[in-house]
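Single-structure report; data block below.
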Amino acid sequence: MRFLILFLTLSLGGIDAAPPVQSRILGGFKCEKNSQPWQVAVYYLDEYLCGGVLLDRNWVLTAAHCYEDKYNIWLGKNKLFQDEPSAQHRLVSKSFPHPDFNMSLLQSVPTGADLSNDLMLLRLSKPADITDVVKPIDLPTTEPKLGSTCLASGWGSINQLIYQNPNDLQCVSIKLHPNEVCVKAHILKVTDVMLCAGEMNGGKDTCKGDSGGPLICDGVLQGITSWGSTPCGEPNAPAIYTKLIKFTSWIKDTMAKNP
């Protein structure tokens with residue numbers, strides 16, 4: 001099974017592909033029940049893989065580095081390890097990684113690698129039922145403002161050093177920073193199709209297990225979790241999110257061409 005550890009130690013020269021240990025919420029809090037009805041849990045077979053976002057009844061958005069050959073999708077979940085009557089299970093009929101994402105990086109990530117275009121659309125095999133606990137979220141129409149307070153959510157590890165998924169969906173509030181902050185912090189390229197968000201004092205972050213999940217700034221979906229540093233939550237090292245305003249045309253075109 002292929003999965004990429006995208007959260008890299010700052011001094012690391014490169015990293016090989018490894019079993020799924022994705023990005024997580026660190027220093028956050030239990031999300032209010034059903035407060036994130038667009039949140040998706042993406043599984044590879046029966047193993048939790050990544051987060052995702054419901055865009056409409058037929059489409060889920062996640063990170064391209066979450067690519068696998070089979071998926072199980074859960075909608076409307078609050079608890080990762082418990083059955084919930086309101087949750088919905090779906091399969092994926094086809095996946096659409098962004099064509100400009102460098103898929104060779106699923107094997108290894110050398111120093112200076114460019115992880116731009118880290119997004120993927122998943123076409124559900126059966127439309128989601130829209131309910132009080134399963135709702136899509138709109139794509140952004142304007143650029144996010146620097147300094148905005150953003151909310152990230154996911155079931156990634158709540159332990160900084162040991163991979164430990166929580167049962168309850170976690171939320172964390174973080175700030176949006178100029179990309180120059182992340183350029184100084186990371187050994188990989190930071191480009192204009194990325195967002196830089198986190199707490200400069202450390203302690204609050206996404207990390208292993210949150211990849212593909214939403215970043216909502218001032219109430220608007222602006223990003224999905226992409227990559228960052230290990231250990232997560234270090235001072236002066238915000239994480240990287242795919243900047244969705246740069247990709248709305250591709251997302252809409254892909255959805256329209258694959259009804």
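Note that Cβ sites are derived from N, Cα and C of the backbone, with glycine treated the same way.
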Candidate cysteine (CYS50, CYS66, CYS150, CYS171) that Swiss-Prot pairs with CYS31 in a disulfide: CYS171
From CYS196, CYS217, CYS232, partner that Swiss-Prot gives for the disulfide involving CYS207: CYS232
In three-state DSSP terms, the structure that CYS50 (disulfide bond) belongs to: strand
In three-state DSSP terms, the structure that CYS66 (disulfide bond) belongs to: helix
Residue among disulfide-bonded residues CYS31, CYS150, CYS182, CYS232 with least C-beta crowding, 10 angstrom cut-off: CYS31
Residue with minimal Cβ packing [other Cβ atoms within 10 Å] among the disulfide-bonded residues CYS50, CYS66, CYS171, CYS196, CYS217: CYS171
